[in-house]
């Protein structure tokens with residue numbers, strides 16, 4: 001038995017010392033002559049040493065050592081040799097897959113931190129396929145783990161639905177469908193669309209204020225006191241929504257979501273949000289125009305679906321303190337998270353006080369800053385002068401002519 005144990009001991013150096021000499025294996029008539037190593041105790045350590053070498057790809061020759069022994073006796077003496085084989089290259093191969101798995105890229109932290117986000121991301125190809133549209137706020141949505149703008153869009157829809165995956169998927173689908181049908185980017189493109197100045201001039205503006213150490217502060221202004229004829233401005237709800245969406249798209253472009261280089265902290269601050277100001281100076285609240293009510297409700301319905309988590313805060317300025325009921329009504333149509341962002345201010349000149357000094361001074365004077373008025377310092381959508389077609393009034397003929405015409409009939 002000792003002699004039999006010696007053969008695997010000798011087999012270890014065979015690939016290194018005897019492979020160049022092709023004649024030596026034929027000169028070993030017996031296992032006794034071919035096993036000069038005297039200490040059988042080395043068999044087990046040697047076998048143990050070959051297992052890790054198989055993982056590295058170098059131990060695969062150990063089980064093949066008995067093959068060069070041509071004598072049948074050597075083959076018989078090598079009977080214990082299968083034991084290293086039973087140390088099994090297969091498990092070694094299995095072990096080799098473990099380092100391979102470790103080499104795979106680790107799952108992004110934003111997926112491990114928010115499992116629902118990963119599930120939402122996995123559903124994205126189906127959502128895009130079903131809606132037939134892949135653009136959201138200027139971001140081409142991609143099923144790529146490293147595409148940060150796409151991840152941020154998904155985070156906004158998921159946050160807007162308090163982590164409810166089904167609700168987020170449903171809202172994203174509706175928003176994509178709306179964008180496909182209305183093409184809001186084109187609505188904001190001055191080369192493609194412009195809006196009736198007699199209805200919308202002075203009604204909406206956009207300003208962007210630079211902040212030190214932070215991104216730009218984007219503000220949209222809705223000056224309802226500038227409306228001359230409410231029935232004309234709000235009477236055509238479809239036209240009003242298009243104008244309002246065009247203004248919103250200009251603001252979204254200023255957020256630069258498509259250029260994002262960092263993922264939004266799901267539980268933290270979102271830097272890709274804007275401020276909205278609604279000015280009701282000279283607007284009567286005693287009797288709300290029904291067209292205004294209808295347009296307001298439709299705007300809330302569309303924007304709450306198509307533009308979630310883009311609003312940081314909304315200020316209602318120059319609103320009489322007794323008109324608190326208006327905000328109670330608005331809160332019925334928006335979720336609780338959005339409702340918390342509403343801030344009524346009775347005096348518009350106090351608006352700038354809500355912001356840091358470096359930004360506040362850049363506001364127009366009417367709102368507590370030192371900048372010129374919005375008309376001369378802000379941007380707006382493309383407007384056009386639309387000439388009203390004069391309706392020709394029927395000429396009044398003499399009574400005799402009218403009687404003659406009636407008889408002729």
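For all residues, glycine too, the Cβ spot is worked out from N, Cα and C.
Per Swiss-Prot, heme binding site is recorded for 224, 244, 278, 280, 314, and the stated evidence type is similarity to another entry. Residues or ranges marked as compositional bias 'Low complexity' by Swiss-Prot: 29-54, 62-80. Sequence annotations record features per position, and here Swiss-Prot assigns compositional bias 'Basic and acidic residues' to 98-107, 382-409. Swiss-Prot lists 199-375 with the feature domain 'CRAL-TRIO'. Summarising the annotation, Swiss-Prot assigns region 'Disordered' to 1-107, 366-409.
In sequence order, 203, 278, 279, 280, 283 are the residues near residue 224 (heme binding site), counting only same-chain partners six or more apart with C-beta under 8 A. Restricting the average to the domain 'CRAL-TRIO' (199-375) gives a pLDDT of 91.
With a cut-off of 8 Å between CB atoms and residues at least 6 apart in sequence, the same chain places 275, 276, 277, 278, 341, 342, 343 near residue 314 (heme binding site), listed in sequence order.
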